[in-house]
Amino acid sequence: MPPSISAFQAAYIGIEVLIALVSVPGNVLVIWAVKVNQALRDATFCFIVSLAVADVAVGALVIPLAILINIGPRTYFHTCLMVACPVLILTQSSILALLAIAVDRYLRVKIPLRYKMVVTPRRAAVAIAGCWILSFVVGLTPLFGWNRLGEVERAWAANGSEGAPVIECEFEKVISMEYMVYFNFFVWVLPPLLLMVLIYLEVFYLIRKQLSKKVSASSGDPQKYYGKELKIAKSLALILFLFALSWLPLHVLNCVTLFCPSCQKPSILMYIAIFLTHGNSAMNPIVYAFRIQKFRVTFLKIWNDHFRCQSAPPVDEDPPEEGPHD
């Protein structure tokens, strides 16, 4: 007989479903926009597609699995562990995609004249593949042995039970907090976030430095180039800020769990932290629509062409801006 669902669980499931219904179509729209608009084909937008793929997977895979775990099914240990790992993979993929985007924007303003020679489509594809491979390695580390199987087996044997342990599937019952804090947070989340902050500070410094130069008759093109770079950098820095705001509370709660086992964590705080992490996957398309004109115009064209049966004006498909000329 399936476990009964309380009113609180029903509310939780309703909010999670709402997040998924915003996240999946929104991020599919981002991928679609890059596909149909030639002007969205540079390396930055390829990394944005990688980020959108991770966010689609959060809505389509992680949220249903989170709902399943919340209902509390009894499963074998390794089955529960496999349910818990996808969120680790996708979080890491998002962080590495954000880092790749930050590095790409830095190169655009640091070496604008050589940028296209350095950041080729092939190198961007290799970087994206590398990010996903590394994400799988980091996210699947618990399956390789860094988990709580030993504790669960000892408790299972102490109860006189035999065979493979069956548990009520919960994230903290299978994932080691040492892994989550020392390895995941202190190595693969916090340092990349701090590095990205430093990169964006340098990007803003370089852009402001270029824009503060005296404007001459021949410098209109560089001024226009760096003006556009500043606007896009602000939008992408906002994406980074929202990611940090969404994920840091949960990692802080994990630190409390590890360093203060006797401390009580109000369940409402944990639910809010989980909603923030899942909700982050729905935020990015909204930011793109409001902050990046090329996305906004392409979103409207897709909407008019495919959902309103009304043709929109052609999308501006000029090639991505060149660097400033000498």
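All positions are counted from 1 along the displayed chain.
Cβ coordinates are placed from backbone N, Cα and C, and glycine is handled just like the others.
Curation does not apply to TrEMBL; its annotations are automatic.
The domain 'G-protein coupled receptors family 1 profile' annotation in TrEMBL covers 26-288.
Sequence-remote contacts of a segment are chain residues at least 6 beyond its ends whose Cβ falls under 8 Å from one of its Cβ atoms, and for the transmembrane segment (12-33) they are 5, 40, 48-49, 52-53, 55-56, 58-60, 63-64, 66-67, 70, 271, 275, 278-279, 281-282, 284-286, 288, 295, 298-299, 302. TrEMBL lists 12-33 (among others) with the feature transmembrane segment.
With a threshold of 8 Å between CB atoms, the same-chain residues lying at least 6 positions outside the transmembrane segment (45-69) that come near it are 12-13, 16-17, 19-24, 26-28, 30-31, 34, 80, 83-84, 86-87, 90, 93-94, 97-98, 100-101, 104, 121, 124-125, 127-128, 131-132, 169-171, 274, 278, 280-282, 284-285, 288. Per TrEMBL, transmembrane segment is recorded for 45-69 (among others).
Among residues of the same chain six or more beyond the transmembrane segment (75-103), those with a C-beta under 8 A of the stretch's C-beta atoms are 44, 47-48, 50-51, 53-55, 57-58, 61-62, 65-66, 68-69, 127-128, 131-132, 134-136, 138-140, 142-143, 147, 149, 152, 164-167, 169-171, 173-175, 184, 188-189, 192-193, 195-196, 199-200, 203, 236, 239-240, 243, 247, 277. Taken from TrEMBL, the feature transmembrane segment applies to 75-103 (among others).
Residues annotated as transmembrane segment in TrEMBL: 124-146 (among others).
If you look up TrEMBL, you'll see 185-207 (among others) marked as transmembrane segment.
Residues annotated as transmembrane segment in TrEMBL: 232-248 (among others).
Beyond its flanks by at least six residues, the transmembrane segment (268-290) meets 12, 15-16, 19-20, 22-23, 26-27, 29-30, 48, 51-52, 54-56, 58-59, 62-63, 66, 87, 91, 235, 238-239, 242-243, 245-247, 249-250, 253, 296, 299 of its own chain at Cβ-Cβ distances under 8 Å. Sequence annotations record features per position, and here TrEMBL assigns transmembrane segment to 268-290 (among others).
In the predicted structure, the domain 'G-protein coupled receptors family 1 profile' (26-288) carries a mean pLDDT of 93.
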